[in-house]
């Protein structure tokens, strides 16, 4: 989840509290929590980075038709009334007043994630609350509906977060999701710096299983990173945040949208070339590398250098991993996507790799393998694995209220109309 942007320049910051490393890690931590749009705007205003030819190519700085990238006279957002209908309408079965909103547990570009208890059911949920105005301003309606669509397909897979309800008020959208309180993989990596190989293998296997399932539905995830990987209360992986997913990508299909998280962008994405499902296997390689070594494979504090590393620098692997791990990383982090592991048979190639030979995949999917780490949460109210930056923040009163219709402006009504079809209530037997 995106929190806040790092400063464009400034003195080195310390990181003794978590990893015991200094400026490189605090810069890394802040940088990767930025949305890609904010990150691109940051490097576009950095004179040093802009001089690098690879960065210029990525940003197309020499072309004046993209003023928003340079923060120069950005064009106004389109009128909400001109937005597309985002899907077939359904009868909403939930409203904000159905919930007690207890704690802020996350923040994103368009809103917050809150721990909430359903008043009638006494069930705990993670409720993602998004501001329509912010979504429309950045023209992100398609990504929001894409996230909803992907969530609707997730109820059958154990390593993907499930959607229980989605509904809307005049000014907000609400995703009512599984509540997962074992912490982000990123949080645990901060604390422990890296994992032993058996633990990294277990997580990589569950992640690969989730990605393989999405690919079987012709969905490319595109934003795999430790912040989007949660641990449940037993220590199993749960993949979340599907806003950048691309639907309807057949086995040999490609797409070309420039999106993702900077440290994890595959070379073909940076080159603005068409890319396919193998972009997810590159990201899996980057996450596995980080679990084993503590940082992504081509990371640099200098943006231009990091992009140049991804595009041109050979993969460097220290000798403290097994040969099978080395071989897997070399296959996943292959710069030529046509030669990348998974290019031919997708998930089948991954699970058949020798690195995963200790994994019984049937037991894995049925959660019969004991996780190597137990978060030891005492119950839903145990928030020890959430960042205090979130949990110390007061819950806004407006979250649990529907705006008074008398006070709603015409523009707010138009915004509401832009998200027709967002609301969702599952069939009675969908979770049986």
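Backbone N, Cα and C atoms are what each Cβ position is placed from, and that goes for glycine too.
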Candidate sharing the ATP site with 105, 106, 107, 108, 109, 110, 111, 112, 113 (per Swiss-Prot), from 128, 132, 133: 128
Of the residue ranges 67-93, 148-174, 175-201, the one that Swiss-Prot records as region 'Disordered': 67-93
Residue pair residue 111 (ATP binding site), residue 223 (active site, proton acceptor) - Cα distance, angstrom, rounded: 19
Residue 113 (ATP binding site): tally of other CB atoms within 10 A of its CB: 24
Local confidence of the prediction over the domain 'AGC-kinase C-terminal' (357-432), expressed as mean pLDDT: 75
Cα separation, residue 109 (ATP binding site) to residue 223 (active site, proton acceptor) (Å, whole number): 15
